[in-house]
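Below is one structure, written out as structure tokens, with a few remarks after it.
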Amino acid sequence: MNKQKATLLLADGTIFRGTLIGKPGTNGGEICFNTGMTGYQEIYTDPSYTGQIIVTTTSHIGNYGVIDTEVESDSPTISGIVVNTFSDVYSRLDADGSLQDYLVKHNITGIADIDTRMLVRHIRSKGAMNAIISSEFEDDLAGLKAELNLVPDMNGLELSSKVCTKEPYFFGDENATIKVACLDFGIKKNILRNLADRGVYCKVFPAKTSLSELQAWSPNGYFLSNGPGDPAVMEYAVNTTREILETGKPVFGICLGHQLLAEACGVSTYKMHHGHRGINHPIKNLVTGKSEITSQNHGFVVKREDVENNSDLEITHVHLNDGTVAGIKLKSKPAFSVQYHPESAPGPHDSRYLFDEFVSLMQ
Ligand SMILES: NC(=O)CC[C@H](N)C(=O)O
């Protein structure tokens, strides 16, 4: 493996020096960290991470290689990775190749040999910010800064229409009795697997599909997917969600889909200090009183006050670390959503019951 040097520059001027991994070059995005101990390929292929540089806090990355079969999407759209110890050598019975080759194949530049504990503490205290990874500029700080200035701010960025499917496609058994129209804002494939496993036939539509096109397939319910970017600038999706609610059919939203459902009810969203990304986030279900350990990946959140002031909304789930709203449901309609990931790939399976509840609503 090459041992070329690389630099990581954060928007606040902090510099880390390390070793290049993946494709030589320069790439920028919003830096964020995921605390999961496993599941790097699932993280890298989750379209919700589009435009972000991912720091993984687990100290070894690459050691179990990658598989060729589709994970959360067929190829990663992340802007880079930051790791502590990178392993080009991998050991896993069903691995098809090394993470190094995979990063090169997908044009991803990364940096290794970084003190990720220090970096994460930095992001945790200073908040989300843009960053750039480069193997090209080395000591040319002005050059690096110029590249960093070209990286767009995640606040106000619409990305779903760039990562969603271009054409509708089907998923599951076409003879299934329940049909769900899924609006793809950057959907994770494990959501579709979870629906299909429960006897749901899915048709996945591009983000900007109109209600009439969705209705033409006569679905029994609607699913609003996860996805990258800022929900506050997705007027087209909020409008469609509002129209979907008017049909009175069951609606389920996950992560970005949850934020859009909330926006459709007049709730605003805002950017968090550094977001929630990991596979051990504690949630309390306020309806059952039970807690769940959940998988999460979000940088925006719905405004609690707006939810509380909306007489048609009920807070169903709360994040136990910071009290943010983690789930809502409408009182007047069969519609609900969660800020976290019940399909949890990777992650604990505590929240799978939400898919069962969606299916029951449609039955
Ligand atoms: N996983 C997601 O759907 C993320 C939603 C949104 N882009 C956020 O960062 O909050």
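Here, residue 1 is simply the first one shown, and the rest follow in order.
Even glycines carry a Cβ here, placed using N, Cα and C.
The region 'CPSase' feature in TrEMBL is assigned to 1-178. Annotated domain 'Carbamoyl-phosphate synthase small subunit N-terminal' per TrEMBL: 4-134, in sequence order. The L-glutamine binding site annotation in TrEMBL covers S48, G227, G229, L256, Q259, N297, G299, F300. What TrEMBL records for C255 is active site, nucleophile. Sequence annotations record features per position, and here TrEMBL assigns active site to H341, E343.
Around the Cβ of G227 (L-glutamine binding site), the same chain contributes P47, S48, L159, S160, V163, C164, D184, F185, G186, I187, A207, C255, L256, G257, each under 8 angstroms and 6 or more positions distant in sequence. Checking the recorded positions G227, H341, E343 against ligand 1, the ones with a C-beta less than 6 Å from an atom of that molecule are G227.
Within 10 Å of the C-beta atom of G229 (L-glutamine binding site) sit 25 other C-beta atoms, taking all shown protein chains into account. Sitting within 8 Å of the Cβ centre of S48, G227, G229, L256, Q259, N297, G299, F300, and not among those site residues for L-glutamine, are the Cβ atoms of G186, N226, P228, D230, P231, C255, H298. Under the three-state DSSP scheme, the residue listed as 'active site, nucleophile' falls in the coil class.
Cα spacing between G229 (L-glutamine binding site) and H341 (active site): 17 Å, rounded to the nearest whole number. The Cβ of N297 has fewer other Cβ atoms within 10 Å than any other of the binding-site residues S48, Q259, N297. Cα of G299 (L-glutamine binding site) to Cα of E343 (active site): a distance of 18 Å.
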